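The transmembrane segment annotation in TrEMBL covers B:178-199, B:253-272, B:345-367, B:379-401, B:451-469, B:513-530, B:551-573, B:609-633. According to TrEMBL, the domain 'TMC' annotation covers B:442-547. The compositional bias 'Basic and acidic residues' annotation in TrEMBL covers B:725-739, B:758-768. Annotation comment: TrEMBL describes B:744-757 as compositional bias 'Polar residues'.
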Amino acid sequence: MGNKVVTFTEQQLEDYQDCTFFTRKEILRVFKRFRDVNPDLVPKRMTENQAHTIAVPVEEIEKLPELKENPFKRRICQVFSHDGSGNLTFEDFLDMMSVFSEAAPRDIKAWYAFRIYDLDDDMYIGREDLLEATRLLTKGELHQQERDEIVASVLDEADVDGDGKLSFMDFEHVVVRAPDFLSTFHIRV
Amino acid sequence: MEDQIEEMELKPVNVRRTFTLRSNVARQVAVNFMPSRQLPYGTLRLRRTTSENNVLLESSGDETDKQAEIIVREMEQHQRLMEDNPVSEELRREALRDLPQGLTMKRNVRAKLSASVSLRSKHRPINMFKRLKYRISFAWKKARDRISDLIFSIELWYEAIRHVEGHFGSAVGSYFHFLRWLFALDLVLAVLVISFVVVPQALHDQHRNRTGSMGFLDFVSGKGGFEDSLLFYGHYHDGDIVTTGPLTYNMPFAYFFTMLCLYFLFFALLCYRTAYSYRRNFIEIAGGLSNVFASKVFCGWDFGITSQQAAALNASSIYNEFKELLSEQNKNQVTKSFWTKFWQCLVNIVVTAFVLGLIISLEYGLWQLLSSETDLSRWEIYVSSIVTFVLAVCPILFHLIVRLEFYKPRTGFYVTLARTGLLDIGTLTLLLVYWARSGSECWETSMGQEAYRLVILDALLSLFLIPLVEFARSFIFKMNPSDSPPEFNIAYNSLTLIYNQAVLWYGMLFSPLLTVVVTFKFFLLFYVKRECALRACQPARKVWRAAQTQTVLYMLVTLSLFTTLFTIGSLFVRGSSQHCGPFRGYEAVYSVVSEGVLQLARRRTLAQVLAFLTRPGVIAFLLLSLCVAVYYMRAKARAQRSMVGILRRMLVLQSKDKDFLLAAIDKVSNGEWLYSPKPEDQGADSHTWKYLQEVRKPSNAGYHFDPTRLNHSMIERPRSYAKDIRPNSYHMERRKSSEDGETDSSFSWQGSGNCLNKENDAEVGKWL
């Protein structure tokens with residue numbers, strides 16, 4: 001009988017199962033990935049309130065293989081962190097992985113996708129947000145004029161109420177009906 | 001809300017933004033109490049507005065508690081959510097999961113909710129029956145959770161697929177996922193077949209010795225020593241199997257019912273899976289295909305990529321697609337003339353006819369080949385290899401042919417898939433029919449052997465030859481870098497999988513151990529393909545619609561199973577061979593059921609009832625009612641689709657309405673509404689006062705507006721900006737127009753109330 005370190009209490013695991021789209025085993029797997037980021041900072045036992053107090057700094061989270069190549073990694077960390085700075089506690093991280101998992105329904109993903117693409121955090125995806133997004137997506141390859149054209153076309157297609165920026169409803173209207181959305185907005189942990 | 005707005009007005013402009021946000025919050029709170037938001041929903045999903053509330057307010061320890069309180073209070077309003085039974089618990093869980101809040105907040109809410117629920121439940125005694133029902137459903141739910149946990153813990157190849165997906169993107173990942181799903185399916189099939197059919201037979205066989213040669217070519221062809229073995233149908237015993245114990249095992253029953261159950265069970269499973277996939281990937285996205293730019297920006301980046309090379313490729317493919325879209329947009333869209341469309345249609349028809357002709361001639365050629373009498377030893381191996389070779393080459397041929405036609409790329413792809421599927425299934429059906437009609441002594445064993453040979457030869461091809469070709473291609477590319485690096489051909493590989501699965505469906509009845517062979521083959525195929533992909537291929541440059549293609553692949557597998565069931569059913573109704581196999585004793589296979597199980601010979605009435613039910617009239621009636629039901633569902637679906645279109649348009653209009661109304665609410669609460677009685681302009685001769693007292697008297701129900709009672713008519717000439725004021729003597733009828741544009745002279749609400757009007761003309765614009 002070895003000394004098995006209990007990572008979470010039963011109550012915590014049940015809570016997590018109820019509040020996320022993960023099963024027990026997946027939660028433990030997520031914890032393992034989280035701990036691998038900084039084993040010194042994250043303890044093995046998370047039975048007290050370490051799950052929502054200990055925060056791993058954003059520079060280290062961005063080094064995770066799942067996020068390393070993502071052009072929106074900084075914004076993703078900001079959206080899911082509890083204080084908007086990008087430093088993630090374990091519960092933030094679990095939340096993030098739960099939203100990106102396969103079982104999350106379309107509209108939850110749409111909501112978080114909206115927040116991620118809303119780079120200046122004003123609850124609207126405006127022209128500047130779109131310009132920045134296209135720049136990040138193509139790694140700076142497009143010319144300014146081409147980017148302007150693309151942004152104009154996007155607003156043309158998606159802006160339903162005609163205010164020159166995309167509200168959540170406009171965004172959801174586009175994205176929920178895109179065939180690729182579920183398969184691209186998906187990180188396997 | 002009032003004090004917030006007043007506070008806002010006193011602050012300088014640079015702080016306005018935060019307060020604008022706060023007023024948005026206020027608006028949302030007002031909106032939340034509108035009647036339409038108070039209805040209990042079927043799915044009890046909370047609105048995004050709550051989260052907007054909470055996101056905009058600052059978060060600190062105290063505030064999170066308050067926010068949790070707000071959420072809990074809103075959830076408490078839904079009666080169904082707050083009961084103390086497993087159904088409500090499940091609903092609460094769903095509602096929690098759909099809450100777009102952080103996990104810490106959700107745990108808070110959950111704790112508060114359970115406390116509140118347990119507080120309420122104390123007042124409600126439940127009767128014994130309900131308690132029992134709840135306990136059963138609760139236990140069932142727990143059991144289901146534990147089983148799904150167990151299934152997920154087996155997670156074969158999880159890391160391997162993740163690794164491939166990181167390098168190649170989710171499209172290639174979906175291929176490996178499909179492979180894994182088929183492998184799991186076949187594994188279950190194999191286990192069931194072995195335990196119910198093969199093991200009893202093996203026990204029965206203990207005392208017989210093996211005869212016949214067992215060389216390598218025999219292994220490939222299934223003849224010789226392998227012919228009368230566990231591998232094939234002919235070997236199976238047709239009576240009871242007795243062992244040392246008191247139990248007997250009736251082999252024909254076992255064989256029949258196992259196969260029947262397996263076929264129908266997997267048919268049901270496949271139908272369900274296909275329908276689910278279709279609903280998720282086709283129906284839910286209906287109407288979204290015209291937003292090309294928006295889809296590209298928002299869904300273009302594959303979030304599952306983990307390698308630098310794949311990321312660079314994704315970025316460059318997005319860049320190329322943007323350029324393509326832009327150039328298409330800038331090009332003048334030439335509308336095709338009637339003759340062009342006619343010509344394209346004609347070409348499509350001609351090529352389709354050509355392809356169909358090709359397929360039919362291939363089948364005919366196969367038939368001739370099979371019937372030709374030769375003395376070549378191992379003739380059957382040659383035939384099978386020719387079939388395998390043709391079936392391996394044709395998809396590539398079809399892919400080239402479809403480029404001659406005028407289809408959109410997506411449609412062309414589906415057309416190729418359909419043609420290849422037709423070829424595969426047609427060939428297999430042909431083989432089955434040939435062997436059934438060949439009149440040889442034990443045609444089932446021959447069919448089993450044919451299926452076995454096909455699988456083995458295809459294994460040779462796909463496990464050895466094709467990887468060699470791919471490695472050679474990548475080697476050539478390395479030596480001589482050209483424009484097109486070798487990519488992982490998802491379509492071709494998926495078609496191989498479907499072909500193998502179809503062979504399994506056809507052959508499973510005649511060769512029970514074929515399931516084991518195919519399972520093992522898929523196991524090896526995974527590793528071979530993974531190595532091929534990682535070492536010999538590059539990520540694809542064009543991004544794929546993986547999810548929709550998955551649905552089409554599932555559909556093809558289901559279709560092949562359906563065709564199998566149909567063909568085998570119709571063949572077995574005629575009768576099985578009398579010299580071999582477990583159904584030797586019965587004249588027709590279904591008499592296993594009618595004689596063996598139901599014993600119709602003894603039960604006259606049952607026999608008569610069944611005879612009546614299987615009359616053509618009854619069956620025709622059933623088919624007809626099925627057709628009517630399908631037509632009805634289709635009509636309903638179309639009606640609902642048009643309803644969805646109407647509702648979408650209404651949604652758009654509603655959102656505009658809402659914005660308009662909320663802006664108006666803001667203005668009212670802001671005091672900008674003209675008719676709010678401010679003390680300064682309540683002078684007895686002010687027009688406002690007169691208007692309020694005389695025209696808009698409280699007793700004037702319905703606000704009937706009588707313009708004749710006004711001193712000044714509403715229909716007024718535009719304010720004159722003329723610098724000189726003409727003397728009254730010239731224009732008697734002309735009214736005095738006030739110079740400062742005060743709204744005394746008009747009741748329009750362009751000029752708003754007095755005290756705000758002077759400073760806030762700019763602000764008015766902001767509020768609109």
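Cβ coordinates come from backbone N, Cα and C, glycine included.
Averaged over the domain 'TMC' (B:442-547), the predicted model reaches a pLDDT of 86. The stretches the transmembrane segment (B:551-573) and the transmembrane segment (B:345-367) are not in mutual contact, being linked by fewer than three Cβ pairs under 8 Å (pairs 6 or more apart in sequence).
Touching of the transmembrane segment (B:513-530) and the transmembrane segment (B:178-199) is concluded from the presence of at least three CB pairs under 8 A, sequence neighbours closer than 6 excluded. Contact check: the transmembrane segment (B:345-367) against the transmembrane segment (B:253-272) gives fewer than three Cβ pairs closer than 8 Å, residues 6 or more apart, which falls short of the contact criterion. Same-chain residues lying 6+ beyond the ends of the transmembrane segment (B:178-199) with a Cβ under 8 Å from its Cβ atoms: 156-157, 161, 230, 236, 254-255, 258, 262, 266, 269, 494, 497, 501, 504, 508, 512-513, 515-516, 518-519, 522-523, 525-526, 529, 550, 553, 557. Counting same-chain residues at least six beyond the ends of the transmembrane segment (B:253-272), those with a Cβ under 8 angstroms from any Cβ of the stretch are 185, 189, 192-193, 196-197, 200, 236, 505, 508-509, 554, 557-558, 561-562, 564-565, 582-583, 589, 592-593, 596-597. DSSP places the residues of the domain 'TMC' (B:442-547) in helix, strand and coil in these numbers: 81 helix, 2 strand, 23 coil.
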